[in-house]
Amino acid sequence: DVPKGPDPRGDSDGPRRGSLCDRHCAAINNVQGDLGDLGCHLHRPRVPPAVSTPACCQQHSEEVCESCVVKTTLTAENAVEANKLSNNYKFGFKKWKSHVTARPWEDRSEIVKELYSDLNVIRGSGGSTLTCGNVLYLLLFGWWLSLLYVLVAAVMFVTVIGAPYGRLCWDLAGYFLWPFGKVIQKVEVPKSHQACEAGAGESSALLGGPTPRRWRPQCWAGTGYWRRAGTAVWLCLAYPVLALAHGLVCVTAWLLIILIPVAKLSGRAASCVLLLPPERVLIRRLRMTEVPLEGEVILCCYRAANPYYYKYAVDGINVFAVNLLPLVLVTLVLGYADSPNHLTGSAIKFTLALLSIMPLSYYIGMAIASISAQSNFAVGAVVNATFGSITELTFYITALIKGSREGNRCYAEVVKSALTGTLVGCVLFVPGLCMVIGGIRHQEQRFNSRSAGVSSALLFLSVGGVFAPTLFSKVYGKLVCGECHNVTQNPLGHYLCHNCHFDLMDNNGTLYYSHVQPLVYTVSILLPAAYLIGLFFTLKTHTHIYDIHISDCHMPGHHHSAVVHWSRWRALVILLLSTLCMSACADLATEHISPILTNSTISQYFIGVTVLAMVPELPEIVNGIQFALQNNLSLSIEIGNCIAVQVCMLQIPILVLFTIFYPTNFTLVFSDLHVYASMFSVVLMNYIFMDGKCDYFQGTVLVMVYFILLAVYFFAPSPSGC
């Protein structure tokens, strides 16, 4: 969807190559020149040779030069897009792939232009109309829609005064049976027939349009009275039925996404064709050697399906998010209006609430990206820090509140499983899946290993801090078992014990309240402090490690002002409403998860690690895949790393702080399975990312390890107390 820019390696204005240091810098720049993005063009800054040499080269001799990087410039279409791209490369900011401004029409590809066409363009040669999508239309809609028109035509012929509309319905029956390669035109009435309109009273597009031309050369029954009577019969008897049928076709085709051309066809027929006087509607089949008649083209369709409609957007919102938005309304109405579960059960309500979180996460992400792109750095940082983890925190807090009210420890264990699942999934599954999908298109992908190293270091620090209280309890806690059996019938023999755990409440909780709890509070203070230091390091003192410079220069030959999809105030309102709906959906999910945890044969560990952890992250996963397809694996990796770091350094400390003001069963002591899975995932990720390049095989390794861990959680017994 982007015109290809010139090859950066062929730029004659590149850096000097007179010294070993310069050659080393140029080599590193070629290795790290993978920072392309949709709507942006990659090139090196055209600066004089004296300025091209980076500052780091001035600090080393010409024989030894390490970490020398020549900045890569990303040219955006306008200042707002440039700000959004810049935020994508800032640590702690939400990475957003879609545009926050409207792209100029001339910069779009022909494929995208076809998606937004109004089906009123006649092509010179449309090719064969016998395609799988057209046959699918015939099987799903064409046959019964054509039959309905035949029945309506019969009714209109019976009324006599509606005979012209009956003839129109008869012709439309043949058209909607197979509309491809046919055209509907609005023709004008010749001047020789305009005399029939004299004395006919008031005129309008429907009740008093031009004189009939199509059905008979004379006036319609001679007077305007019969004309208006026939139109009234049409509007009362036929049009509501046909409009309802077209509305059903339109909604169904729109939900199927690839059949959106059928939705446009049906909607335009109901809103335009059926409201025209019958004598002004001309239906004809196109032939290559035929010259089109004069008149406005209303409908001209060649294909019923287009697989590229997954790119379609309405006011900047992806069509998938648009289609899932009514699901949120259904979930809220059904969840709060049917509290006793008379209409549906808890399992269906839980599923709907969980699915509703996906579009709300999308709207929250787009609102954050829109506000950040149109604001200064301080406002963007505050918005990202405040709402960046709102999706996960909303669910965790509502689950802990419900568990505290019911005195059920299962909710706290499910929250711990969801936290661990998010960490493991964002470290293994998200980058691994992006590597696999990106590797299908690109044989080898490279990324900025220095920026990935910062996230890796923070991950090591955060994992060590989060699991420090757990390791402390293993060392100093007292092992308590539920039941033990003597296997050898000897008092000094071996015992087989079940449901063993380390008890921190021995001696009235002295170990926990005097040692473990202060350690938890200390870790909860140090982790956010380390996160702030990481922000200051990457955004202030060492910004050069991202090897990126954003320019808001327009493309050559084009000058466009930014037309944002969402203004700041609109984005803020959508952000607040989405957050409110998210809280309601999270409340419904936690309200109806209890029967699933109680009656399900699947381990509660598995439910928390998979469903509750990864469903809210689906919009982020889609963004990562899109970045990988554009050969921008650096941002794909940063998406997973940033979420994992925020889980440990922000979300967990916030939950600990919440338990201070609202006591719950949440303690920062995890099971052994969570500890081993998290630590192994972080170590494996750092090993894979060590050399700054990857392919689909390494991505497959990460994904397979993730599925192995899921199998372990699936067969693991439920936590004690659940």
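Positions of Cβ are set from backbone N, Cα and C atoms, glycine also.
Quick look at what TrEMBL annotates:
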type     : residues : note
DOMAIN   : 132-182  : domain 'Inner membrane component'
TRANSMEM : 232-260  : transmembrane segment
TRANSMEM : 317-337  : transmembrane segment
TRANSMEM : 343-365  : transmembrane segment
DOMAIN   : 349-468  : domain 'Sodium/calcium exchanger membrane region'
TRANSMEM : 377-398  : transmembrane segment
TRANSMEM : 418-440  : transmembrane segment
TRANSMEM : 452-472  : transmembrane segment
TRANSMEM : 519-539  : transmembrane segment
TRANSMEM : 571-590  : transmembrane segment
DOMAIN   : 571-713  : domain 'Sodium/calcium exchanger membrane region'
TRANSMEM : 602-622  : transmembrane segment
TRANSMEM : 643-662  : transmembrane segment
TRANSMEM : 668-689  : transmembrane segment
TRANSMEM : 696-716  : transmembrane segment
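Residue counts of the domain 'Sodium/calcium exchanger membrane region' (349-468) by helix, strand and coil are 104 helix, 2 strand, 14 coil (DSSP-based).
Within its own chain, the transmembrane segment (343-365) is flanked in space by residues 94, 96, 317-318, 320-321, 324-325, 327-328, 330-332, 334-335, 387, 390-391, 395, 574-575, 578-579, 581-582, 585-586, 588-589, 591-596, 611-612, 615-620, 623, which lie at least six positions past its ends and keep a Cβ under 8 Å from the stretch. For the domain 'Inner membrane component' (132-182), DSSP puts the residue distribution at 42 helix, 2 strand, 7 coil.
Using DSSP to sort the residues of the domain 'Sodium/calcium exchanger membrane region' (571-713) gives these counts of helix, strand and coil: 116 helix, 2 strand, 25 coil.
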